Structures are given as C-alpha cells and as structure tokens.
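J.: Sharing a structure with you now.
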Amino acid sequence: MTLRIFDTATRTLREFIPLKPGHASVYLCGATPQAQPHIGHVRSGVAFDILRRWLLAKGLDVAFVRNVTDIDDKILTKAAEHGRPWWEWVSTYEREFTWAYNTLGVLPPSVEPRATGHVTQMVQYMQRLIDNGFAYEVNGSVYFDVTAWVAAEGSDYGSLSGNRVEDMEQGETDNFGKRGPQDFALWKAAKPGEPSWPTPWGEGRPGWHLECSAMATYYLGAEFDIHCGGLDLQFPHHENEIAQAHAAGDGFARYWMHNHWVTMAGEKMSKSLGNVLSVPNMLEKVRPVELRYYLGSAHYRSVLEYSEGALTEAAAGYRRIEAFVDRVGEVEVGTWTAGFEAAMDEDLAVPKALAEIHNAVREGNSALAAGEMEKARELAGAVRAMTGVLGFDPVEWGTQTDDSAAHEALEVLVHAELERRATARAEKDWAVADEVRDRLAAAGIEVVDTADGVSWKLQ
C-alpha cells in the first residue's frame, strides 16, 4: 500500500512520493531549551518518531534533522532572571530534552544542528533575500519585507495558516524603522550584554524563523520532503519559514505535518498557564515505555486531553501487550497485519493500528489457553513487529514482568531516599542531604534539581 499523509499546506490527504526514490528527508522543529521539557513538548518528538519508524519500515533511507534553537528572546530572559550565563542555561536544558527523548525511546536524529553553529548559512540566506528585494537593513537589524513578497508573482504568504496578511502583525518588539507591521526580523541588532555575532550589517543575533530555513536547506537541500512541528508553530514560524525560503528561490518542504496539543481541562499545556506536567514528574507515575504508549496512542492531529484516568488506562493497555509477549516467551519479530499496514498508511492512524495490536493479543491469549503454541508464537511475532513500528516493542524495551517488578521496587527505594533528602534540606541539614545524594550517585543514580522539583535518572 501507499502512504498518504495530511498535508497542512493543501489541507488534503496526499500520497507520499519522495523527492528521491528510496529516500525521505524530514525536518522537525526541535527544542527551545529554556525550561524543563513537559509532555506537550515531547509529544511532537514521539509523533514524528513514529513517522520516521514507519518510513524506515517501508524500506526508505531517512535523513531526519531535528534542530535546537539555542538562542532566543525567552532563553536570554530566563537566564538573566536566574543570573546565569545564557549558554549555561541552554546547555542545562538541552541535556534535559535529550534525556527525555532518549528515555522515551525516540530515535536520535541524523543530525541535531544548533542555531548558533550556523550563522554563516544565515548570513548567506539574508544576502540572497536582500539581493532579491525581499529584505532590508535598518540600524543593524535585517527585516523580511512581507509587503514586497506578497506583491511578488508566485507569492503564497498566508496560505499555510489561512491568515489574511492585513490581519497579521509579527509582534516584534524591536521594530524601529520597520516598513510594515507584518515585517519580521531576520537578524536583530546587538544590545548591551546580549550575545552577538558579526555580519556585514553589524553585530547581532539571528531571528527565530531564519534559523530553521537556513539549517533545513543546508542539511536537506533547497527542496526536501517533509517539514514537521507542533500546531502552534504553524503561524508565525512555519508561515515565515516558507516565505523566506520561497523568496530566496528555494522550493523548501513538499509536505507539511503538524501534531496537535496536549491539553488539561481543555487548556493547551504551557508554562505561562502553569498547567505543565514535566517528563520527570510523569515518570513517577508510569514507566517510560508506558508514557510513550500514552503520548503516541492518539492520532497525531488530534488533541490529547490529559487525565490521570487516561494515563492509567494507557499503562494498563501496554501491560496487557507486555504480559502476552512474556507468556509466549522467546519469539522473533514477525509480520504486521494487513489492517495495521492499512492504518499506518492512512496518515499514521495509530488508534486503528493499536486496535490491530490488541486484537492480536486477544487472539494470542485465546491460543495460549487452547494450547495452540504455534499460533500464539505467530501472533506474538506480529505484535512485536507492530509495536516495534510504534516504538514500544516489549522485548526491545526489556520490560518483561521481572524487569517491571524490579523497576517498581527501585522507584519505591529511590523515592524514600529523596523524601529523606527533602526533609534534610528543609531543616538545613546539608550534611545529611549531601550524604543521600552521594549514596545515590555511588549506586548510579543521578539526582536532578530543577525549578519544577526533584527527579532522578540512571547514569
């Protein structure tokens, strides 16, 4: 069967035809590491990890680029508020994001470029836009001229988001000398105390949108297959990426995919609303593989409404799969069902794919009860193939029953130690607090103190 994906740009299901036969090129807008990652952040990573795994399963060679926005207004503000160097702040939370992705079984990207490492490419991109008449310099800043681009032949500005140009305002704070309210910064002139890099237009730092256009085309070429990201990036970020790229003469992304939000009580999960659930906090409730199962269980274009009940139900669903594979014993990866393939080829319809997995588990348990071991092994092999595509094959995760019990026991023991440490810190008994931390470190357990609380991970 042929994979069809929902292309946000055309608002239609389109057959995926790679630019280069046998290869797929994918760019995912990654982290802006300003704070601890929450499950809204990592849902995007899990959703498009499933896309990547399915492309690989269909025999394609996949170049997967996931960037890090390591210079940004919010990063500078957060670092300044806490009296920390911006680069230290970024490095701290970049490690947190990497840990979260790895813990949830997200495959590492082919390359993970940082914005600050690609200023040369950004300068070249800006020069092309200026030469083409779609960017201008004012007092050391460089802006994209939206009015000029909209008037140009072939312009499609606003088509991705559906916004009307006359209703758009970019919200740039440093807008002195801008020709129009819709114009956005490609390069921001240096301010005292802020990091900056030299350019032909003076010292400064990159604008958010320019970073991704420059990095995507540098690694994947002027035209590539799929650009992914969260729905909240559709405007202004992705709309402006397209404008820059097309104005520079690049074909850019041929398909656009956006995952929906994680919500709580109907509200989008965000730091500003104070309704975030950090990954470490979630891992106090369920195992990493169960959290991955939960985050990937809804269709990527659907809202995932968080509740304790839904999380518990998802964890129980995974354990049913795990228990069946454990009962069968050692089994090789088999072949997925036709229904599973049809579901995945229809815009990654994971809920339907999960139904196929659970049907196989039910049939397999019935086969075991009837003593039909050959049939049970065949079904377990199919389950391994299907769960492998979704990134939670129980055998690959090593989460058989004994390991689960050991993990739960470890959780209890570490939690007790952390409570003892918290009590000591509250009483300013630093010697005891340090003793607990050092004892855990000697056992290979790293204690992580963050603004959202304390968490732990195996070193």
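If you go along the chain as it appears here, the first residue is 1 and each next one adds 1.
The backbone N, Cα and C atoms fix where each Cβ goes, and this holds for glycine too.
Heads up, here are the entries from Swiss-Prot:
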| type | residues | note |
| --- | --- | --- |
| BINDING | C29, C212, H237, E241 | Zn(2+) binding site |
| BINDING | K271 | ATP binding site |
| MOTIF | 31-41 | motif ''HIGH' region' |
| MOTIF | 268-272 | motif ''KMSKS' region' |
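I'd like to know what surrounds each of these features in this structure.
T.: For H237 (Zn(2+) binding site), applying a Cβ distance below 8 Å and a minimum sequence separation of six or more within one chain yields C29, W208, H209, C212, G229.
K271 (ATP binding site) has a Cβ environment of 15 other Cβ atoms inside 10 Å.
Helix first, then strand, then coil: DSSP counts for the motif ''HIGH' region' (31-41) stand at 3 helix, 2 strand, 6 coil.
Note on the motif ''KMSKS' region' (268-272): DSSP counts are 2 helix, 1 strand, 2 coil.
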J.: Taking the centroid of the Cβ atoms of C29, C212, H237, E241 as the Zn(2+) site, which other residues of that chain lie with their Cβ within 8 Å of it, listed in sequence order?
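T.: Residues close to the Zn(2+) site, other than C29, C212, H237, E241: W208, H209, E211, S213, A216, H227, G229, L233, H238, N240.
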J.: Measuring Cα to Cα, how far is K271 (ATP binding site) from E241 (Zn(2+) binding site) in Å?
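T.: Cα-Cα distance, K271 (ATP binding site) to E241 (Zn(2+) binding site): 25 Å.
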J.: Using DSSP reduced to three states, classify C29 (Zn(2+) binding site) as helix, strand or coil.
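T.: It is in a strand.
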J.: Give me the long-range Cβ neighbours of E241 (Zn(2+) binding site): same chain, 6+ apart, Cβ under 8 Å, in sequence order.
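T.: Set apart from E241 (Zn(2+) binding site) by at least 6 residues yet with Cβ under 8 Å, we have H209, C212, S213, A216, H227, F252.
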J.: Taking every protein chain shown into account, which of the binding-site residues C29, C212 has the largest tally of Cβ atoms within 10 Å of its Cβ?
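T.: Comparing the binding-site residues C29, C212, the most crowded Cβ belongs to C212.
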